[in-house]
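Peer 1: Sharing the record's features from TrEMBL:
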- 11-218: domain 'Porphobilinogen deaminase N-terminal' (DOMAIN)
- 235-303: domain 'Porphobilinogen deaminase C-terminal' (DOMAIN)
- C249: S-(dipyrrolylmethanemethyl)cysteine (MOD_RES)
Amino acid sequence: MTDTPTPDRPLKIGTRGSPLALAQAHETRDRLAAAHGLPGEAFEVVVIRTTGDRVVDRPLKEIGGKGLFTKEIEEAMLSGAIDIAVHSMKDMPVAQPEGLVLDCYLPREDPRDAFVSLLHAGIKALPDGATVGTSSLRRKAQLLHRRPDLHVVEFRGNVQTRLRKLESGVAVATFLAVAGLNRLGADDVPQAPIAPEDMLPAVAQGAIGIERRASDEGLGEMLAAIHDRATGERLAAERAFLAALDGSCETPIAGLAELIGDGRLRLRGEILAHDGSRCLADEAEAQIADGAALGTDMARRLLAQAGPGFFDS
Ligand SMILES: NCc1[nH]cc(CCC(=O)O)c1CC(=O)O
């Protein structure tokens, strides 16, 4: 589709169906409509069910592999059933399938994790041996690194499901991205944002990306109008770091880049053993244009330090 979308021939925006995914799709629609002076009806939000949505009773790492939340959406784009797709960049593999490009990012939300508990104020306040719920290998390893006494149980499902699990006492605390809570307007959820120094977030946490077919140049121009350059610069460094680590969802990796003025960027990166017994961290700065190289170099340094078998324990 290269023509201007109209209510009769709307631009089809593909998304997962969770409340958070829908909020992100609606934000994308609203930004596109505003940037191009189009009515909201010139866009149609199309919900697509992914493997990750369908299988909710098993840990993500068991269902296996990359793109659990994206494969069906990308297929719909390649077949022409939808025109663009809105993704949480944190869930996106580092490379896109042939024929698709992902180079448009909305302004990034707060990248931090939040400590969420009905009973306790933060990680330090958790009683000895307490049970915490998370399905994130990164959060689990980071938590156990600081508090080896804690127990971690698998916690899948959307925000509402996880809060119900806290209420029923399956765990006394969990973690959620501040960005997701903000986008859902969930200010009633008891949450304490965690400083990146204490829990470095996932690569690309808080960022939304919009994917399209490479052949749709008109669409590329349309999306360029809502692209946030600073977010793109930060993610270039973070995703290069992830790519060089061969990061799949099966390895505990954290990374956060920040623009620090004077055309420079600072990247913090971290890799952990699954059981939290080891944590290797690094921090470095470069010109923004060299962000990707900064990420790649940092990954190589950390891997050399880690040695073989690091991720096995
Ligand atoms: N893996 C699920 C996922 N993907 C993106 C977000 C949050 C929003 C974001 O990071 O943009 C979440 C939930 C969470 O970690 O709390």
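Numbers here mean position along the shown chain, with the first residue as 1.
Note: Cβ is positioned from N, Cα and C throughout, glycine not excepted.
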Peer 1: Counting by DSSP, what is the helix, strand and coil composition of the domain 'Porphobilinogen deaminase C-terminal' (235-303)?
Peer 2: 26 helix, 27 strand, 16 coil
Peer 1: Can you give the mean pLDDT for the domain 'Porphobilinogen deaminase N-terminal' (11-218), rounded to a whole number?
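Peer 2: Here the predicted model's pLDDT, averaged over the domain 'Porphobilinogen deaminase N-terminal' (11-218), is 93.
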